[in-house]
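K.L.:
Pasting the relevant annotations from TrEMBL:
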- B:7-25: transmembrane segment (TRANSMEM)
- B:31-52: transmembrane segment (TRANSMEM)
- B:64-83: transmembrane segment (TRANSMEM)
- B:89-108: transmembrane segment (TRANSMEM)
- B:142-163: transmembrane segment (TRANSMEM)
- B:169-190: transmembrane segment (TRANSMEM)
- B:220-242: transmembrane segment (TRANSMEM)
- B:254-281: transmembrane segment (TRANSMEM)
- B:293-313: transmembrane segment (TRANSMEM)
């Protein structure tokens, strides 16, 4: 994956953030889903996006991936303005995502699902199949490789989403609650996988509720509520932030 | 769905091809050949419709427009420009494909399948009404006649092949060739990267797009290819029957019949449209004495199949054969 990253040779390139979101806003039916959101993510950083339901986390993903167009604001990715680009064009630039509500291609097998992502970098179908097999193994679905996707459990579907997304060899991976629905025993494996991907040059923004996962892998966390960024800092800082405790950890913190 | 060709599927295909190619050698009558030719025309139409609706998942109800465009396009070109049917057939099909691109563009952005159905049906009605009313050019419902037949061919080994109402063998083999080409093209598309993208779009458009599949390019391309195939069927039909009326060549009945064929045979299966074309065309011919009431029989047949074989006849397995397990 590392060799796929483009180095434009511009001095200081490595210091500019991979993603720069500035003043991003979008409304649905007059309600601000995301309001004046500004943040940046450096290369090879893992950032957790946190917040209660309706905070605008998934909407932020839709905006970065191109599934929705913002009302105002700008998203710079790898030195390019993403405005007006369709999701497939953004994927070719290196933005990949998983869906919170998994969207497997039901009639295709697990490997074929991943081939759809792998096709982008492999001209020949057999090469795409071989590459897809490796990603299927990487996420631990080897025993389901030829099974139809519609028979998978929720946890397996989440893994499939992940395999499909990384098969496009992204620079930025948007992970939407990938640990949701996965059994507790598998979580350390997922954490290990995300770390390994980062070592290979991947930048990750993850929507995550599991504080253990955030504490173990995230370099930084951004906390949102009602479309607005409330706090930003290390996971430990966020966990101590009074507003966050009130909004999010309230029940757990107070008993 | 997206698997290597299995041996028994290959064997079935070879046997079916041999039966089709060998039938005229058995000395069957002209009527049997006529019904077979109709089956093959409908089969091309149904295969092309299945590509768009069964595999890509775009529920179009206006494909009969392309049949009419191919038929009238090829007929008028050969009548007025003096271009032989062998060439005008492809020009007619190209015309249908061009209109396919034209109507494909607006329906691309429509997410609601009901709206796609209405827009495509309305488009076909516009084509039909235009052909009805441009009487100076098409003679409207009086019928466009005097459409030239295919010119005779001199083939090595076979000798002269003539195309006339009296001798249908030439038409028969030409229809078989066109159907074979349609099936081959469909198989090649479906087993390529484009085929994988087509199935991905059907199962989850947003997910496919997020993985780098260009929806616009794939949808427009498939729509145009499908329109081209239907155009070929229409053009061949024009030069075969020699007379066209808007209601026969662009009527909604035609579309309904093809939809019925694909549903009965199996939507989104490779053999489905063929099974449906054989079954419904031959039953239409054998039920001819019922006149308009045969539509009742069609309706009953479709209801039965939807109830007892919702994936179509092509998905049924013979008793005793192992059915691949499909987790719910």
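Heads up, residue numbers simply count up from 1 along the chain you see.
Note that Cβ sites are derived from N, Cα and C of the backbone, with glycine treated the same way.
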K.L.:
Looking at the transmembrane segment (B:89-108) and the transmembrane segment (B:220-242), are there 3+ C-beta pairs under 8 A, with each pair at least 6 apart in sequence?
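P.N.:
Contact confirmed: at least 3 Cβ pairs fall under 8 Å.
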K.L.:
Report the listed stretch (B:64-83, B:169-190, B:254-281) having the maximum count of Cβ pairs within less than 8 Å of the transmembrane segment (B:293-313).
P.N.:
B:254-281
K.L.:
Under an 8 Å Cβ to Cβ limit, what residues of the same chain, 6 or more beyond the ends of the transmembrane segment (B:64-83), are close to it?
P.N.:
45, 89, 91-93, 95-97, 99-100, 103, 120, 123-124, 126-128, 131, 137-138, 144, 146-148, 226-228, 230-235, 237-239, 244, 246, 249-252, 254-255, 258
K.L.:
Can you work out which residues elsewhere in the same chain, 6+ from the ends of the transmembrane segment (B:220-242), have a Cβ less than 8 Å from its Cβ atoms?
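P.N.:
For the transmembrane segment (B:220-242), the sequence-distant neighbours (Cβ-Cβ under 8 Å, at least 6 residues beyond its ends) are 37, 41-42, 44-45, 47-49, 51-52, 55-56, 58, 63, 66-75, 78, 85, 88-90, 92-101, 103-105, 108, 145-150, 163, 165, 171, 174-175, 178, 182, 185, 189, 194, 198, 249.
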K.L.:
If we call contact 3 or more Cβ pairs under 8 Å (sequence gap 6 or more), are the transmembrane segment (B:7-25) and the transmembrane segment (B:142-163) touching?
P.N.:
no
K.L.:
Check the transmembrane segment (B:169-190) against each of B:31-52, B:142-163, B:254-281 and return whichever range has the most CB pairs under 8 Å.
P.N.:
B:31-52
K.L.:
Excluding the flanking five residues on each side, which residues at least 6 beyond the ends of the transmembrane segment (B:31-52) place their CB within less than 8 Å of a CB in that stretch?
P.N.:
20, 23-24, 58, 60, 63, 67, 168-169, 171-172, 175-176, 178-179, 182-183, 186, 189, 222-223, 225-227, 229-230, 232-233, 236-237, 240, 254, 257-259, 261-262, 265, 267-269, 272-274, 276-278, 280-282, 285
K.L.:
In the same chain, who gets a Cβ under 8 Å from the transmembrane segment (B:254-281) while lying at least 6 residues past its ends?
P.N.:
1, 12, 16, 35, 38-40, 42-43, 45-47, 49-50, 53-55, 61-64, 67, 121, 124, 186-187, 190, 202, 248, 298, 301-302, 305-306, 311-315
